[in-house]
Amino acid sequence: MQEASRKKVSDQSHRFYGQPQQEPGSYYWPPINQNHLPSEAFNPYCNLESSLGTSSYPPQNSSSTVSFTSNGSPSHQECHSYPLEPYYSPDNNRGSPVSRSCLTDDADDDLRHKIRELEIAILGPDSEMFDVYSVSNPVNPVLSELEAGWKDVAEIISRRDLKEMLCACARAIGENDMLAGEWLISELRGMVSVSGEPIQRLGAYLLEALVARTASSGSTIYKALRCKEPIGSELLSYMNILYEVCPYFKFGYLSANGAIAEAIKGENRVHIIDFQIGQGNQWMTLMQALANRPGGPPKITITGIDDSTSAFSRGGGVEIVAKRLSNLAESLMVPFEFHGIAGSASEIQLEDLKVQPGEAIAVNFALVLHHMTDESVGSPNHRDRILRLVKSLSPKVVTVVEQESNNNTAPFFPRFLQTLNYYTAIFESIDMTLPREHKERINVEQHCLARDIVNIVACEGAERVERHELLGKWRSRFLMAGFEPHPLSPFVNATIEALLKNYCDKYTLEERDGALYLGWLNQNLVTSSAWI
């Protein structure tokens, strides 16, 4: 579908989420009467809850809904109710469609019917029928171009390739081709499943994100996913499962701890500043190692910056981490002090860190920098400001662990492709270690991964908080802030290699320019680097 498919045919227009107001001369389709296209194509929301039911469809007039609130009660502020529509079928795990509402056995007749529906929507019910197969229409060449575009969509659907259809749907939505996008959405609903193959499971969440984007509800869906999170103890258990079945987090913790341990050799007072303390588990192994240091352990101070998600999952504030680490330090006879900061890492100021003269400073950025806004979102540029602030502390080392993905400033369609490729590798790796019949696998993927996927695809501007950058871009930012690369040592590399022996041999480890890249087959997933 080209520009002709977006020409204005009435005084009404349809605007998509995140799209700026067009200059005169840019046109959109008018809202189409839903009676002219399949009814399932116009449900503005996908619902993950529906994917957990059976593959049978409820009556069209069903009033079943699910409410997303933090306490289970309805809310009209941040959380909304969404119609239940079980188009994600757990039984459909072989890629075969549950329904083929648009593509019938006679594809030619179906295409002819759709072109007629389109003509009626544009020209009215009294318009003359035109030949669906004519190359050009002498009466209305615009419809002839539309006809060719719809044939292309029909051919894509006929191949039933899930990846190809997801990409075609995202391209149509990115080009504001609502009709093609809705047609593809209606077909994709019968092909995705949260309990199927990796691409089907990922497709379920990508489809939800695409529908949310077309309905201008990306931020609402994102908030809804947050609102209907399980209780804190359950979420923590899901995070722990993901921690165990995939090496990504352990890779980050071990490589960062190794770099810090080497940088603070011989120091008697160590101050670790963790910009996302989480559960504090990373520092338990480091504390145990320092407790056995010849000559005795140093005094360790940890400043932990806490966010609301971590507080929710642990079921309380940062004082829980403080108590856990203090108890461990006491048992190891390690002098210890903990400072907790509840709030956003982006808002940290120098005076918040309470650095004392004579302390050896180590700063840890574990999967947190990509949440800070930069110049592409607006002012202030917290991403670069925080790096300059940290440099002013003259740290012994700064460790950085980040996803190796490029979706910060990428336009929508390239960002969608990047997300598809990146999370395909993630879902495939989960499939190798967490059996598909595992009762908690759906919860792990939904609560630990789906929220980020929806945010990347459906949201724009300040509402898109998942903004990853490649290590090459982080390198430029650190150099600009005055840092120099600090290559990770052979000891750290050997430690990570030993870790990966406990996992599938499809994981890859590469050292490049002093940094480590952890990947799955040919897709790099996580990087670890150090700076001084």
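Glycine too: its Cβ is placed from the backbone N, Cα and C atoms.
Just so you know, TrEMBL annotations are computer predictions that nobody has curated.
Pulled from TrEMBL, these are the features on record:
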REGION    1-33  region 'Disordered'
COMPBIAS  1-14  compositional bias 'Basic and acidic residues'
REGION    52-100  region 'Disordered'
COMPBIAS  61-75  compositional bias 'Low complexity'
COMPBIAS  90-100  compositional bias 'Polar residues'
REGION    160-220  region 'Leucine repeat I (LRI)'
REGION    239-304  region 'VHIID'
MOTIF     270-274  motif 'VHIID'
REGION    320-352  region 'Leucine repeat II (LRII)'
REGION    458-532  region 'SAW'
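For the region 'SAW' (458-532), the most Cβ-contacting stretch among 160-220, 239-304, 320-352 is 239-304 (pairs under 8 Å). Averaged across the motif 'VHIID' (270-274), pLDDT in this predicted model comes to 98. As a summary of secondary structure, the region 'SAW' (458-532) carries 25 helix, 22 strand, 28 coil according to DSSP.
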